[in-house]
Amino acid sequence: MNGRVDSGYKPIVVARVHEVALKGANRPWFMHTLVQNVEHALRDVPHERVRVRNTRLVIPIPGLETWPTVRERLSWVFGVANFSLALETGLRQEEIQAGLAKLMELLGPPSGSYRVRAKRTNKSYPLTSPELERELGQFIKDRTGAPVNLTEPDVTYQVEILYDRALVSGEAVKGPGGLPVGVSGRVVVLLSGGFDSPVAAYRMMKRGCFVTLVHFHAYPYVRPISIEKAVEIARHLGRYQPGVRLIVVPIGDAQREIALASQPALRVVLYRRLMMRIATAIAYEQGAGAVVTGESLGQVSSQTLENMRVIGAVTDLPLLRPLVGFNKDEILGEAIQIGTEPISRVPDDDCCTVFIPRHPATHATLAQAEEAEQAFDSQALVASSLAQRTDYQGDPATWDVTLALAAATR
Ligand code: ATP
Ligand code: MG
């Protein structure tokens with residue numbers, strides 16, 4: 001332990017998780033999943049293997065120049081409550097002081113007022129936490145002259161006394177919180193080119209779900225813009241989930257058959273029921289436990305309780321609508337924050353309006369929808385649409401939109 005301080009400082013990033021998520025028998029799996037997700041987020045960033053220490057992840061990095069990238073990447077990993085740059089030191093007070101001095105050398109002196117917070121995992125340490133806080137606070141004051149502020153400091157230094165070493169860390173950066181992607185199982189998210197469904201997908205990832213995205217389109221009956229947008233959005237969402245997957249399904253031919261056999265007023269609901277049937281088939285194939293949409297109650301005239309019932313009736317899986325109680329401006333605010341808003345904003349052709357003369361207000365009842373479906377074979381339409389699907393997985397940077405276009409015209 002002696003000599004660590006003098007043998008050069010290896011910076012460490014310490015990430016903390018929400019304690020509440022750690023309770024119970026799932027903890028080892030939770031931490032294991034989190035480690036894997038952090039490793040994935042840092043796959044092209046130099047670092048040593050991510051290790052678990054109690055309720056923290058410890059990530060040694062080779063030098064301070066990697067810190068800005070690590071800082072950005074960790075802000076994408078759900079389950080991380082907060083994180084900070086730290087130095088590992090020996091347990092002696094001089095060693096801890098030397099560590100603090102080095103940290104200030106690396107990050108600069110406190111930008112304003114400061115305080116020191118000490119926490120002892122090792123309760124037999126000779127100094128109590130308040131004593132440590134006073135001693136180390138004085139040490140920083142002597143070196144920098146910065147003012148102490150115990151209630152609203154600009155910077156908080158943390159010192160954690162473990163059994164065999166101490167960790168001295170700078171200001172904590174807020175992480176995204178939530179649960180590590182994977183611990184809650186898999187869901188299928190219906191991804192349009194709009195603002196809402198990408199936010200719905202983000203929300204499900206944040207609750208620990210591994211998401212398979214499904215996009216429906218009517219190319220070649222309409223322009224291919226929505227497919228390009230879905231690929232862009234999936235790429236972007238891939239930063240929050242290791243191994244993002246997008247399935248693109250052309251439904252233009254099926255929509256044409258439905259349109260030939262039904263009244264215009266029913267078509268939107270019938271198209272939606274088709275989408276839901278296909279999404280459910282994909283969910284079963286993927287072992288997903290639920291289907292998710294970006295619907296929010298009353299947002300547009302079609303998102304009524306009645307329509308939700310008629311559309312939801314074709315799936316026996318839980319149909320989750322994480323945005324059901326959100327206003328449009330709340331959803332937009334979040335889309336801006338997660339970075340999908342600029343992609344969603346690009347105008348596209350909505351496949352739900354093809355083969356419909358005008359956009360009719362649709363309040364179909366379940367009985368009307370079921371009766372209309374007597375005129376065509378829903379299961380055959382599901383199968384023929386799925387036969388033309390394109391699966392995108394692996395590195396999203398390599399995804400080729402022209403594959404989905406070719407599949408739709410095959
Ligand atoms: P969004 O902003 O997500 O497009 P929206 O407000 O436009 O939603 P609707 O067009 O009524 O609302 O769509 C409701 C939900 O149905 C979407 O959030 C999405 O989950 C699903 N959905 C609609 N169109 C498609 C599509 N082409 N492919 C996949 N899912 C779709
Ligand atoms: Mg839409």
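Yeah, the Cβs are placed from backbone N, Cα and C, and that goes for glycine too.
Residues LEU190, LEU191, HIS215, PHE216, ARG272, GLN303 are given by TrEMBL as ATP binders; from GLY182, GLY208, GLY294, that same site also lists GLY294.
Spanning the listed ATP site, residues LEU190, LEU191, HIS215, PHE216, ARG272, GLY294, GLN303 have a farthest Cα to Cα distance of 19 Å. In the structure as shown, the Cβ atom of LEU190 (ATP binding site) sits within 10 Å of 23 other Cβ atoms.
The 10 Å shell around the Cβ of PHE216 (ATP binding site) contains 28 further Cβ atoms across the protein chains shown. PHE216 (ATP binding site) falls within a strand when secondary structure is assigned with DSSP.
Shown in sequence order, LEU190, LEU191, SER192, GLY193, SER226, ILE227, ALA230, LEU246, ILE247, VAL248, VAL249 are the residues of the chain, 6+ apart in sequence, with a C-beta less than 8 angstroms from the C-beta of HIS215 (ATP binding site).
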